[in-house]
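Working notes, structure below.
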């Protein structure tokens, strides 16, 4: 084992400053650098990830199916010498004690040799280099006779400085010295499946213009799916891997290369992509000044919560190059997902706000594609993708109103299915559900603005259950009411009920027609991929979760647009440097007064920044609410208003007015369903 106490910034971790890595000193050529980033994960999550990585390395170097790799790697020595695994821990104090103990037991570190200072300089990172056998952490390797060494680098940062800083240690310190061809990123807790790493490397080896790639990520299976939230996320992940990612890969730009499991060609991201990416590193705030996080508005700061999006865009838009990104479905990894509403709200706040900022950033900088060397066909695909993304953004902006309109129109149509003796009851229930729906929706705004999710678990659990009940009610109530209907005794009643049923059926057909077509496409696509289990055990949970994704998660995210933290304790604020006051120049009392003055000034500046962020957040939320209320009111009151107090208005005119309004609402609902259907059909065609 080799220990290095790095007292420098990762950018200065160079041979010139006296820092080297063992592989570099032995003149070994590195093909793959596998970087695992972690924060406070426990020992089981470390073991979960490392066992998968070590199993992949063993298979890569020994399996007959990896002869393509072995013939390539053999040109510069044994295959294992061309692979390096780096584990970057974000903060020694935040690191789980059990995890540190397990790494020590595995022979990857020795806490006793770590030094907080070297020659008066504070240690920034503790770096351990070791050569470890795959059998040490891969439980399955005990059944194999092959014992493959693994070059392992453990970087434990002295302070918590967030994930982008960990990536800077991986790319600007380790990768700069090893000069790998491919950099693969994993989060602690993510386990790559069999051949996953080889499939990623193979894609880069075959396509010289491939700059970035991501594999298929799925949630834990088995007993974990008994949790409704996990099952809903499992269906969501599967749907994304079936529709979204293949279409984006066809366009040549996968919008999200998730940090949990993705890969980049190192030389492709050098230059502007990494420069722009590392502007979000809080540890570079002092160096960059207003060009870093201190000079960013709230949208720019949210952009770096979606760091996997900005790096992907900067890669494909790199000037003078023609890099593309792709989705490799055969490369599969399992990752942990939130298991309770509190964790899910925190995660989706980062994702949704980061995605919103990243989408605006991509559209605003679309002109940079004209400075690349992409061919006209690829540029045409980028234009089509931009149009699709813009349409999707507009559609998403109005989902709050569209979801309400869908439920409102369907609930109003249910009495038409009911037998005469149940009409009043069903109509009353529909009004009650609509009232509770609006109260719950209003409550989401109040909770999101003024409370932390951890303190309002009961309220969030209730609203999640209610919003999950509504789609189930709308799915099964028409069937139940149709079954309860009895044949009427007279022809007149038959005629009346048939017209009423027809009127109600048109509303349901307006939405369930496109929905059934969409479901059919989903089933067909799953059959093509031979991936059906999620349709059986996770579809109902996802249907129940659908309204909450909009009414709970999206509302919480937008109402906390000013929150640019990762939700980790102690790393949410940007430090404002306090000027140094020397005791040699000022007396102690004057010096203390100056320091207190600077502290007050910095406090005022911090408050001003927070107020500006909250003000912008409030304006965005007000505009969002205004847009959705305007749409909802316009559709609900299609055709205007009728003065029922006017004595000249006849009953026939009132009936015609209501019929016209009903038809208008249903026409909007039908067009909305058709639009969603065509979006799904486009995704299907993109495969």
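Count begins at 1; order follows the chain as displayed.
Just so it is clear, glycine is given a Cβ too, placed from its N, Cα and C backbone atoms.
The domain 'Chitin synthase N-terminal' feature in TrEMBL is assigned to 1-31. If you look up TrEMBL, you'll see 382-410, 422-450, 462-484, 504-530, 620-638, 667-685 marked as transmembrane segment.
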When counting Cβ pairs under 8 Å to the transmembrane segment (667-685), the leader among 382-410, 422-450, 462-484, 620-638: 382-410
Non-local residues, at least 6 beyond the ends, that sit with Cβ under 8 Å of the transmembrane segment (620-638): 397-398, 400-402, 404-405, 408, 445, 558-559, 561, 660-661, 664-665, 668
Residue distribution over DSSP helix, strand and coil in the domain 'Chitin synthase N-terminal' (1-31): 10 helix, 5 strand, 16 coil
